[in-house]
Each structure stands twice: as structure tokens, then as C-alpha cells.
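Participant: One structure, as C-alpha cells, below. Some questions next.
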Amino acid sequence: SSSLGLPHSSHRVACPTPLSPQIFWEDGIMSGYRHPKSSALDCVLSSFQMTNETVNIWTHFLPTWYFVWRFLVLSSSLDFCQEPYHWPLLIYLLLVCLYPFASSCAHTFSSMSARARHICYFCDYGALSLYSLGCAFAYGAYAMPDHWVSGVLHRYFVPAAAFNSFVCTGLSCYSRFPELERPRLSKVLRTAAFVYPFLYDNIPLFYRLLFCFWSNCAWNEAVAGYCYHLLFALLTGFLFASHLPERLAPGRFDYIGHSHQLFHICAVLGTHFQLEAILCDACSRRAWLRGRLPAPGLPGTFGTAGLALLGNAAIIGAFTAALARAP
């Protein structure tokens with residue numbers, strides 16, 4: 001880089017240039033790219049300088065600590081160790097803390113090299129897949145419609161979600177390989193990888209909300225929270241797929257206001273409302289659910305979560321190894 005007259009830690013590399021390989025480009029983002037061979041220290045320091053990734057980093061790093069704070073506050077009032085009823089909530093909370101942190105790290109260190117960029121986002125996708133499993137744990141334990149409790153779907157809801165997490169991670173990681181040659185296919189695969197588990201996880205919510213609208217059931221805090229959660233989830237998906245507003249005005253939103261930043265904000269807001277609704281259901285339905293369901297066991301909760309974690313890690317490891325053979 002010194003032969004081109006630019007320092008190694010240059011953070012404003014316009015696109016396209018020899019310093020900014022195509023794998024680092026984003027639709028509609030014309031400037032603000034970091035050096036594609038930054039050191040780890042350069043990457044960390046870049047989070048305190050204005051690049052096109054700075055807001056991406058902070059819109060998930062700060063919410064990580066908000067969710068950690070919520071987890072610590074709940075830990076002081078709920079007995080996560082001795083009360084099996086709260087074990088699905090514990091798994092959900094841990095994974096809620098994981099996914100924004102993994103995303104923040106991915107955006108921070110993705111400019112170290114092309115290989116590092118792929119690995120960072122493999123881990124990001126794995127964390128999102130595990131978050132979708134956490135949602136299934138919480139919905140299966142606290143949000144299932146009354147007459148679905150103990151039914152066939154309820155019994156297999158979490159195991160199927162664990163399988164879905166493998167599909168999600170595998171498909172989203174694979175989508176990075178045809179990214180340059182067939183970008184449209186890559187986008188379709190990655191979008192499908194996350195839409196599918198989202199639709200599956202939210203089957204109980206869709207039913208409950210439709211039932212409420214049809215039968216005029218009581219509008220409580222949980223139902224309102226789930227509505228807000230779904231609204232922000234739809235906005236998240238729209239922003240991810242559309243690349244608006246930067247697609248309409250390339251270069252105008254390079255640093256502030258592009259779709260990925262808005263996508264992060266909507267995702268966090270949706271998770272906040274989801275958490276509040278789950279807590280409301282867990283509290284208000286506790287006596288009713290405990291009278292109809294056995295207490296969650298270690299194999300079905302931590303055992304399933306542990307196997308899902310290991311399986312997703314193995315998938316990420318396999319795709320990381322495949323990078324060495326990729327063109």
C-alpha cells in the first residue's frame with residue numbers, strides 16, 4: 001500500500017480501486033471502505049473513526065450490553081439455576097446477547113482479508129441461526145396457543161428448530177461462495193436461509209394474532225409486544241433485501257443511513273419487543289402452563305442447545321476449511 005501512496009490503515013478507500021477487492025463492495029456504498037488487509041488493531045481503531053462500517057459496529061455493540069444488562073437484572077429476580085420453568089428463557093437470553101455481539105465483531109474484523117471476511121460472517125450467520133433456535137425455545141415454553149399445548153407440533157417444535165438452525169447456517173454460509181459470479185443467486189439463498197426459520201419459529205405467534213383478530217380476544221401486553229416484534233422483523237427483512245435507500249442514491253448514505261444500519265436498528269428493536277412479550281407470557285401464563293406441561297428437563301433444554309451449538313460450529317468449520325479450496 002505504501003507504493004500507492006496510501007497508509008496501511010487508510011479507512012476511506014473509494015470503490016472501486018485495487019485496494020478494495022470486489023468481495024468488499026456493497027451495493028450503493030461508494031466510499032468509506034477500510035483497507036482490505038487491515039490489522040486487528042486497525043480494525044478496532046476504525047470503530048472510532050468514520051467509515052461505512054462504524055455505525056454498523058455500534059448499532060449492535062451497544063445493544064449487546066443492553067441485553068446483557070437485562071439478563072443480569074432478570075438473573076437477580078428469577079432463579080435460573082434451580083427453577084426448570086425458566087431454563088428456556090435462560091437459553092433465549094444467552095442467545096439474544098450472542099447474536100448482536102457476533103454481528104458487531106464480524107463488522108469490526110471483516111476487513112482483515114477476504115478469507116477473514118468470510119469467516120467473520122460465517123460466525124455471524126451461525127449466531128443468528130442459534131438466536132432463531134432461542135426464539136423457538138421461548139415460544140415453545142411460553143407462547144404456544146392454548147389448545148396446541150402438548151400437541152404434536154409442540155412436542156417437536158424445538159427439535160425441528162434445532163434442525164432448521166443447521167439448514168440456516170449451512171445455506172447462508174454456502175451463499176458466500178457464488179457471491180461474485182452469481183450475486184442474485186447468493187442473495188436469494190441468504191434471504192431464504194433466514195426467512196425460513198423466521199416463518200417456522202413464528203407459527204405460534206401468527207396463529208395467536210390471527211385468532212385474536214378473529215375472535216376479539218383480550219388485547220394484552222404480550223400480544224401487543226409480538227405485533228411490534230413482527231412489524232420490526234418485516235422491516236428488517238425489507239431493508240436486507242432491498243438495499244434502500246442507498247440503491248436510489250449511491251454515495252449519499254455511505255456513512256450514515258444506509259440499509260444495513262437501519263436493518264440493525266430494526267432487528268434490535270424487534271428483539272426488545274419480543275423479549276418484553278415473552279417475559280409477559282412467562283409470568284402471566286406460568287400457573288396455567290405448569291399445570292399442563294412437565295418441567296423442562298436438562299436433555300431437552302441444555303442438551304438440545306449444546307448439540308445445536310456444536311453442530312453449527314462444525315458447519316462453520318467445514319465451510320472455513322472449504323475456503324482454502326475455493327477460487
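Glycine is no exception: its Cβ is also placed from the backbone N, Cα and C atoms.
Not measured: the values here are computed from a predicted model.
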Participant: Can you check which of 273-298, 299-324 TrEMBL lists as transmembrane segment?
Facilitator: 299-324
Participant: Do you know which of 53-75, 122-144 TrEMBL annotates as transmembrane segment?
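Facilitator: In TrEMBL, the transmembrane segment feature sits at 122-144.
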Participant: For the feature transmembrane segment as recorded in TrEMBL, pick the matching range from 156-177, 178-199.
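Facilitator: Among 156-177, 178-199, the range TrEMBL annotates as transmembrane segment is 156-177.
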Participant: Here are the binding-site residues: His107, His264. Which has the lowest count of other Cβ atoms within 10 Å?
Facilitator: His264
Participant: My understanding is the cutoff is Cβ-Cβ under 8 Å with a sequence separation of 6 or more in the same chain; which residues meet that for His260 (Zn(2+) binding site)?
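Facilitator: Expected: Glu26, Asn56, Leu239, Phe240.
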Participant: For Zn(2+), what surrounds His107, His260, His264 with a Cβ no more than 8 Å from their Cβ centroid?
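Facilitator: After dropping the recorded site residues, what remains is Glu53, Val55, Asn56, Ile57, Thr59, His60, Ser103, Gln261, Phe263.
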Participant: Who are the chain neighbours of the transmembrane segment (299-324) in space, where the CB to CB distance is under 8 Å and they lie at least 6 residues beyond its ends?
Facilitator: 84, 87-88, 91, 115, 118-119, 122-123, 126, 129-130, 133, 137, 158-159, 162, 165-166, 169-170, 173-174, 176-177
